[in-house]
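Report on one structure; see the data block that follows.
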Amino acid sequence: MAASLPTTFDRPVHIAVIGGTGLSQIAGYVPVAAVTPVTPWGTPSSAILILEHAGVPIAFLSRHGKHHEIAPHEVPARANIAALRSLGVRTVIAFSAVGSLQEHIKPMDFVLPDQIIDRTKGIRPFTFFEGGVVGHVGFADPFDAKISQVVQSCAASMKGEGVTLHTGGTVVCMEGPQFSTRAESNMYRSWGGSVINMSALPEAKLAREAELAYQMICMATDYDCWRNTEGGEDVDVAMVMKYMAANSENAKHLVGAVLDELCKQENTDLVLAKHWEGSAQGAVKFMTKPEGRNPEAMKRVEYLFPGFWEN
Ligand SMILES: CSC[C@H]1O[C@H](OP(=O)(O)O)[C@H](O)[C@@H]1O
Ligand SMILES: Nc1ncnc2[nH]cnc12
């Protein structure tokens, strides 16, 4: 389908949806273009589809590629975030299939986390600011509370007996691609983890560096492996895919309602992430003295923020 679509799109696109496992497209939307920006960090996981929602263009990117051929540690997160920003994107709604670490978060439930525990192993490129330009952005609250509120206000769009949208909670981001051991799963519970995935990082960190408003919507597909002793089954891929298929209707309802809200005139400043504007500028510009800056690294930063070094 993407092959016959225009490969350019000449209007800025401010909102993006990143689809994860079991969500390589969003049902009900007909793409009007498929663009593949070439960034200083390479090309994104897949062509970015431009969809129209009530006349507003929306970017859709499949994190693991069109056919789920990219493992969590191989996702080109820097290219993904840089490519979205280059199209004009300032708000990202990122979907993720997660294991539940808490009894009350049932498979099929949705979770809007507000914290992350990093259990990746440092093998994924995780910053734009390196190689001769240093920057330290704040990451105390890794998700966007304002976007989270918008998603919360759309909870009623979901269907199904007892399906819940939990607000707040901690997503543990593990390295994978293997699932956790039972000892690890129990340890994450003892740390207060709510859900677990392999995708929140470095995506959320890079979104912050790129001054994007970023919120992950987690969809619980399993109880990982901690619940085995209480009669539960250990997570496997079939279980994840089964619940994702069952959940895709709700994902569609929720994303439709969230986009309706975000596209409202009154949310223009929010969607443009005015509240993050300048945060990376402050974190980068004053760190590395001009005489220590590497022109190549400066050029890469310039791709993210055109005109960054001019004043
Ligand atoms: C197939 S289970 C593990 C896989 O599922 C999640 O993917 P995503 O976050 O992209 O929905 C998890 O993070 C792992 O990558
Ligand atoms: N149990 C689990 N661990 C890590 N990532 C997951 N994605 C879905 N279920 C998961």
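Note that Cβ sites are derived from N, Cα and C of the backbone, with glycine treated the same way.
Within THR7, THR8, THR21, THR164, the residue that TrEMBL lists together with ARG63, HIS64, SER96, ALA97, SER199 for binding phosphate is THR21. Taking ARG63, ASP222, VAL237 as the candidate recorded positions, the subset whose CB lies under 6 angstroms from any atom of ligand 2 consists of ASP222. Cα of TYR223 (substrate binding site) to Cα of SER180 (site 'Important for substrate specificity'): a span of 11 Å.
Shown are the binding-site residues ARG63, HIS64; of these, the residue with the fewest other Cβ atoms within 10 Å is HIS64.
Of all residue pairs in the phosphate-binding list (THR21, ARG63, HIS64, SER96, ALA97, SER199), the one with the greatest Cα separation is 12 Å apart. DSSP gives TYR223 (substrate binding site) a coil state; it is part of no helix or strand.
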